[in-house]
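S.K.: Have a look at the structure that comes next, please.
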Ligand SMILES: NC(=O)C1=CN([C@@H]2O[C@H](COP(=O)(O)OP(=O)(O)OC[C@H]3O[C@@H](n4cnc5c(N)ncnc54)[C@H](O)[C@@H]3O)[C@@H](O)[C@H]2O)[C@@H](O)CC1
Ligand SMILES: Nc1ncnc2c1ncn2[C@@H]1O[C@H](COP(=O)(O)OP(=O)(O)O)[C@@H](O)[C@H]1O
Ligand SMILES: [K+]
């Protein structure tokens, strides 16, 4: 498909650096020289004109490799169409790769000067400094140009990747300072890169566009998928409360009952047939707001018939309940203090693997710190490679893992991970993770397989936050009551 804005409701294969280079090599070998770069330049120019049709100056910042070559080709096309361009080049002209050298030469022949500096004023900045080949954080003039774009008000269009962003991980090591008001766009070329959708990727890329340059990438396996919108769960008219499964939430130690109640409330609203709450605080106050929740002593719950959501607000009070839940639960979601208890006791690791061998589904929902504890590392190491961390956890525990945060990663053993595109910083507030755990529980209880239940819940959890009306106060409590957006009534 040609140039288009990426439709985030559709699943999308994501190819990292090595896969993208393999696809490029195969395609370039079958095409006349310079074809891919010329197609890339035309696509960038078309998008630039659509984004800033009345620009009086389009700044095209070109770097030392083929990403800069894409910038040269875009400048040529814009110049040919009579658009005012100012091209900067920071690199060694003698060491440009062949495609980029050819484009640079034709640009000079067309009478377009190459400066080292940015223009004094511009209405659109095209970032063609670094793409897949960024091997170290930008510095010197490249960093100065990026900071200028980042702090400004003119829209920024990144070619292939925001320069310096790691295509595989979304890691970005340079310090750009506070962002200005500029709208951001990124045109991913040939393949869509996973790093655009997790860690620092979302903030730096902004709106993601894609042009496959006429090449079909399907012969090379993707490194991940972007989750598409899951089909809403249908509820036939001829249903009863037993049709959608029973969820039990175990958690809520003294002072933290709210977390368990949030998970239970969201499980209820997300469509579970019945929701039990096994609070660890014995004398919890009566539940004022959700009368449909059924309070039970945690030790009395028939775990082998329940989808158990274990750990929300549990503190250190789970005791034997955790090994029992791992051993018995029909389906299991481990969150928060359930994960911390797991991290602290290697016998539970074995128990979780033994559980996997029985075929009963399990989903772990760590945030990056919880994931770090489980992996015996620190949060920055997890964030440096979110896909890798989620995959390692899924393989180690033989179950589905949701690594939460910007671009939540859903990984299952021996399968390609998914990155979730929904959600926003509204969710960065206390209790939203408890709500997610309840939603995963409801999805599992409805009979979805673990990976699909996790993807379904994470997608709709984020979608509710994305669709939140401007001006309406947002809280985890409100979110829990909107958790049923992914349901349709027949
Ligand atoms: N491989 C593909 O998929 C295609 C590539 N194209 C473009 O080519 C790009 C990849 O080109 P390259 O492999 O030449 O890589 P880049 O253009 O990203 O740059 C690599 C060059 O930058 C230098 N470099 C790396 N980090 C630096 C830093 N921090 N400061 C200064 N210099 C640094 C490297 O030593 C190398 O000389 C893609 O991102 C895309 O824009 C397109 O033309 C078409 C298809
Ligand atoms: N910037 C963001 N973009 C998308 N999702 C986010 C963002 N910030 C937080 N979230 C989501 O919000 C939830 C927060 O969960 P968690 O960190 O466990 O919080 P808590 O323990 O307070 O409930 C996760 O689902 C996470 O993915
Ligand atoms: K770039």
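Cβ from N, Cα, C; glycine included.
The structure displayed is predicted, hence computed values, not measured ones.
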S.K.: Taking TrEMBL at its word that 404, 405, 406, 407, 408 bind AMP, choose the one of 376, 433, 438, 441 listed for that site.
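M.R.: The one candidate that TrEMBL places in that AMP site: 433.
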S.K.: The K(+) site in TrEMBL includes 67, 127. Which of 20, 163, 188 is also listed there?
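M.R.: Matched candidate out of 20, 163, 188, per TrEMBL for K(+) with 67, 127: 163.
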S.K.: Measuring Cα to Cα, how far is residue 404 (AMP binding site) from residue 127 (K(+) binding site) in Å?
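M.R.: Pair distance, Cα basis, whole Å: 30 Å.
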S.K.: When the pLDDT values for the domain 'YjeF N-terminal' (20-221) are averaged, what is the result?
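M.R.: Summing pLDDT over the domain 'YjeF N-terminal' (20-221) and dividing by its length gives 97.
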S.K.: What whole-number Å value do you get for the CA-CA distance of residue 135 ((6S)-NADPHX binding site) and residue 433 (AMP binding site)?
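M.R.: One finds 35 Å between the Cα atoms of these residues.
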S.K.: Out of 127, 406, 407, 408, 433, point to the one nearest residue 69 ((6S)-NADPHX binding site) in space (Cα versus Cα); all of them are binding-site residues in the record.
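M.R.: Smallest Cα separation from residue 69 ((6S)-NADPHX binding site) among 127, 406, 407, 408, 433: 127.
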S.K.: Quick one, of the binding-site residues 69, 405, 407, 433, which Cβ has the fewest other Cβ within 10 Å?
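M.R.: Checked 69, 405, 407, 433; of these binding-site residues, fewest Cβ neighbours within 10 Å: 405.
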S.K.: Show, in sequence order, which residues other than 67, 127, 163 on the same chain lie with their Cβ within 8 Å of the centre of the Cβ atoms of the K(+) site.
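M.R.: Apart from the listed residues, the neighbours are 61, 63, 68, 71, 128, 129, 130, 131, 158, 159, 160, 161, 162, 164.
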S.K.: Three-state secondary structure of residue 433 (AMP binding site) from DSSP?
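M.R.: Assignment for residue 433 (AMP binding site) reads helix.
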S.K.: To the nearest whole angstrom, state the Cα distance for the pair residue 367 ((6S)-NADPHX binding site) and residue 408 (AMP binding site).
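M.R.: Cα to Cα, residue 367 ((6S)-NADPHX binding site) and residue 408 (AMP binding site) are separated by 9 Å.
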